[in-house]
Amino acid sequence: MTSTRCPFCSIAAKYPPISPSSFSSNSENATITTPDSLASQSESSHAYLILSTKSVLAFLDIMPLTRGHVLVTTREHCGTVGDVGVTTGRELGQWIPIISRAVMKTLFGDAEAHWNVVQNNGIRAAQVVPHVHFHIVPRPPLDQPPSANKTSYVMFGRGQRDELDEEEGEKLASEIREELASEVQRVRDVEGVDLEGGSGGDERTRRGDGKL
């Protein structure tokens, strides 16, 4: 189910499921340079895409609280977290730690990372877009010089927030996708879980969990 007036549903309609490893420069299967090469030619919303599976999408917030602010949402239209089914909920829970690691590795390398994972339900809880989503908000060191774009340490959408620069958005999204591909490979090698649906020795993989 989708909503024609929902911006996240428009993004979901534009971008089909894409294998994360497709964006890895180290992969033999790296055939995609940008998600827009597979996107539909409709007038649907453009996004700085990080992840696109059959159930979950992630993309940069265009009004970021900090650099690398990512939104993780469902492909199917769900108003709040209470509307999310069990299968989709499992996939959301699966991807949030993986995307978090990819974002923090991209921004901070091997340095200790600090970040918020925030989820709001309903207007009184400061939910702005009526489509369930999680915020992954990196927290840079307090002594880090400010970037060219202003950022805010406030939460729940209050305070100064500037629109993401297009060139910066494309570059950062590409870097995070590359790191995400590496993280997907690490999960396959270390945890025995193939997030892209291939065969593996882990019981969850054999049952079909963790697939795109």
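Count begins at 1; order follows the chain as displayed.
Positions of Cβ are set from backbone N, Cα and C atoms, glycine also.
Checked against TrEMBL, the range among 116-120, 131-135, 136-140 recorded as motif 'Histidine triad motif' is 131-135. Listed as Cβ neighbours of the motif 'Histidine triad motif' (131-135) (distance under 8 Å, sequence separation of 6 or more from its ends, same chain) are residues 3, 6-9, 61, 65, 69-74, 77-81, 83-84, 92, 96, 116-119, 121. Secondary structure of the motif 'Histidine triad motif' (131-135), assigned with DSSP and counted as helix (H, G, I), strand (E, B) and coil, comes to 0 helix, 3 strand, 2 coil. When the domain 'HIT' (34-146) is classified with DSSP, helix, strand and coil residues number 32 helix, 25 strand, 56 coil. Using a 10 Å Cβ-Cβ cutoff, HIS133 (active site, tele-AMP-histidine intermediate) registers 24 neighbours.
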